[in-house]
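Pulled from TrEMBL, these are the features on record:
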{"type": "REGION", "residues": "1-22", "note": "region 'Disordered'"}
{"type": "DOMAIN", "residues": "24-54", "note": "domain 'FAD dependent oxidoreductase'"}
{"type": "REGION", "residues": "244-276", "note": "region 'Disordered'"}
Amino acid sequence: MTADATDPAEGPNASTDDRPAARDVVVVGGGVAGLSAAVYTARQGLDTLVVDPGGSVLRRNARLENFPGFPLGVDARRLLDLLGEQAETAGADRLDARVTRVSLAHEGSDAADADAGDAEANARFAVTTDEGDRIRARHVVAATKNEVGYLEGLDGVAIVDRGKAYVDADERGRTGVDGLYAAGRIARKTHQAAVCAGHGAEVAVTLLEEAETPFYHDWVAPEGYFTDRDRDVPPGCEEIAAAEREARESAALDATRDRFAEPHPDPQETHPSLED
Ligand SMILES: Cc1cc2nc3c(=O)[nH]c(=O)nc-3n(C[C@H](O)[C@H](O)[C@H](O)COP(=O)(O)OP(=O)(O)OC[C@H]3O[C@@H](n4cnc5c(N)ncnc54)[C@H](O)[C@@H]3O)c2cc1C
């Protein structure tokens, strides 16, 4: 995702008044869990915004050797870039900012800012950032590892303290607040990148199943897979012909050669307490 695609007011739900549009999904945190969630929601056409200041703990990894699909390992910063690119390709936007508060749009001090536009847009949440943005959202995915301060004061959210802070959520990331989900480490998933990425995907699928958008699976199937059996292509699925498959493969090979042509330019990061 590029910094150019950061206007929270952009997107298919742009409002007709002068206030920013309501997003279908705001993902708070663009590490492996949040970006994986954004890939899934954006691919289904949900207007998705990822808000992140760029601090995934995975940036400190020296060599990621247990992420599925990379038999000789992968540079973790490269993986984060690729996940961000995948979310952008799927249609997600990114805002380079830190979320300071998530509140119910119609309650507490945010009620003063809420109006008929929020109700019409079915915007349950107001997401506030340290840059002064107030973004309305129908769903929020919290994916900020152990940072939970922006959720304090939101009725229905239980914060669990186990030395580090987590959000109490069920296996599929549902919290005590309708429309608010927790993904990855913040939902007490194990401290492994693949587990947190997988949980981000699972949480997004849960959100999709519970949203108004019809959804079956996010699958790309060969032409005729459903239709030759007199079945409609289910919502969320796609059938592609051989020529289209070859075109996509060719584009993917070119992109992969390009992205892996050189070592990643970013320096190795370490624990902040070790930095001078
Ligand atoms: C040194 C080190 C090496 C590791 N090596 C491995 C390994 O080899 N294999 C492995 O499987 N795992 C490894 N891990 C663990 C792995 O990095 C984590 O388990 C994984 O990144 C957790 O994913 P996450 O998305 O939950 O959190 P993160 O990837 O940390 O993402 C959280 C995101 O939330 C953002 N954020 C925080 N607060 C806010 C806010 N208020 N507003 C907006 N955004 C916010 C941050 O900027 C960050 O991008 C390693 C971790 C460390 C520290």
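Backbone N, Cα and C atoms are what each Cβ position is placed from, and that goes for glycine too.
Panel annotation: around the domain 'FAD dependent oxidoreductase' (24-54), residues 1, 8, 11-13, 79-80, 83-84, 86-87, 90-99, 102, 125, 127, 129, 135, 137-145, 147, 150, 181, 183-186, 189, 193, 196-201, 203-205, 207-208, 211, 213, 215, 218, 236 of the same chain, lying at least six beyond its termini, place a Cβ under 8 Å from a Cβ of the stretch. For the region 'Disordered' (244-276), DSSP puts the residue distribution at 19 helix, 0 strand, 14 coil.
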